[in-house]
């Protein structure tokens, strides 16, 4: 059963055409911690250090995690860039994400934000290696396909193949396409954060795929976006080769 927060995010994004999303704009965010800190606190200092560290550590491999500080003042964080994103664009996205979370979730100890090019998450609680099933939202194209009965199984087939491909890839990332007819293709993406095990990556992706009917039946494009993995399909290419 979906939480009210989950549903509200989905309805908020109902009118969004995915093709028009600006890569520089955040897709969504959650300020998920009820705990706060002050600008001069140890946690605030540790968080600033963590964000600086991630902005230099992540771009070379497209993913990174780190912790700064000790005990209750420890700041834990990770960032993930989409598998096709350049080092320069990854750096820009991670830096922008840290600044934007500071504006949108001021002095909250735990928060997460997504862009087309990256995600960033931090918390005073160690969340590494655990599937994040709480911070999640849907996006879909408002346009419908002509024949959803035949289209929906093809979406599931493509993304299921990409799930199998992604969890076997050290980068936990896969893209691909499926020919629909002589003039059109279906394009897909599956990606996990690399703190997960391979089996947990597949579990996360398969769960995301199973949730597509909640938002995206018969839609020309759709996404299930979470804190540990995301899947996406479109009728146009949306990643760099």
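Every residue gets a Cβ built from N, Cα and C, even glycine.
What Swiss-Prot records for this protein:
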- 1-23: signal peptide (SIGNAL)
- 25-127: domain 'Gnk2-homologous 1' (DOMAIN)
- 81-90: disulfide bond (DISULFID)
- 89: N-linked glycosylation site (CARBOHYD)
- 93-118: disulfide bond (DISULFID)
- 133-238: domain 'Gnk2-homologous 2' (DOMAIN)
- 192-201: disulfide bond (DISULFID)
- 204-229: disulfide bond (DISULFID)
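Shown on the structure are the features that Swiss-Prot records.
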residue	record	DSSP class
81	disulfide bond	strand
89	N-linked glycosylation site	helix
118	disulfide bond	strand
192	disulfide bond	strand
201	disulfide bond	helix
229	disulfide bond	strand
Next on the checklist: Just to verify: the residue among 90, 118 with the fewest other Cβ atoms within 10 Å, which of the disulfide-bonded residues is it?
Outcome noted: 90
Checklist outcome for this item: In DSSP terms, the domain 'Gnk2-homologous 1' (25-127) comprises 37 helix, 28 strand, 38 coil
Next on the checklist: At a 10 A cut-off on CB-CB distances, which of the disulfide-bonded residues 81, 93, 201, 229 has the highest count?
Outcome noted: 229
Item to check | Listed recorded positions among 89, 93, 118, 192 whose Cα sits within 10 Å of residue 204 (disulfide bond) | outcome: 192
Checklist outcome for this item: Sparsest Cβ environment (other Cβ within 10 Å) among recorded positions 89, 192, 204 belongs to 89
Item to check | Distance, residue 81 (disulfide bond) to residue 118 (disulfide bond) (CA atoms, angstrom) | outcome: 4
Checklist entry - If we check Cα distances from residue 201 (disulfide bond), which of the recorded positions 89, 90, 93, 229 wins as closest? => result 229
Checklist entry - Near residue 93 (disulfide bond), meaning Cα within 10 Å, which of 81, 192, 229 (disulfide-bonded residues)? => result 81
Next on the checklist: Near residue 192 (disulfide bond) in space, meaning Cα within 10 angstroms, which of the recorded positions do we find among 89, 90, 229?
Outcome noted: 229
Checklist entry - Closest of the recorded positions to residue 229 (disulfide bond), Cα to Cα, picking from 81, 89, 90? => result 81
Checklist entry - Cα distance, residue 89 (N-linked glycosylation site) to residue 81 (disulfide bond), nearest Å? => result 9
Checklist entry - With DSSP helix as H/G/I and strand as E/B, how many residues of the domain 'Gnk2-homologous 2' (133-238) fall in helix, strand and coil? => result 36 helix, 36 strand, 34 coil
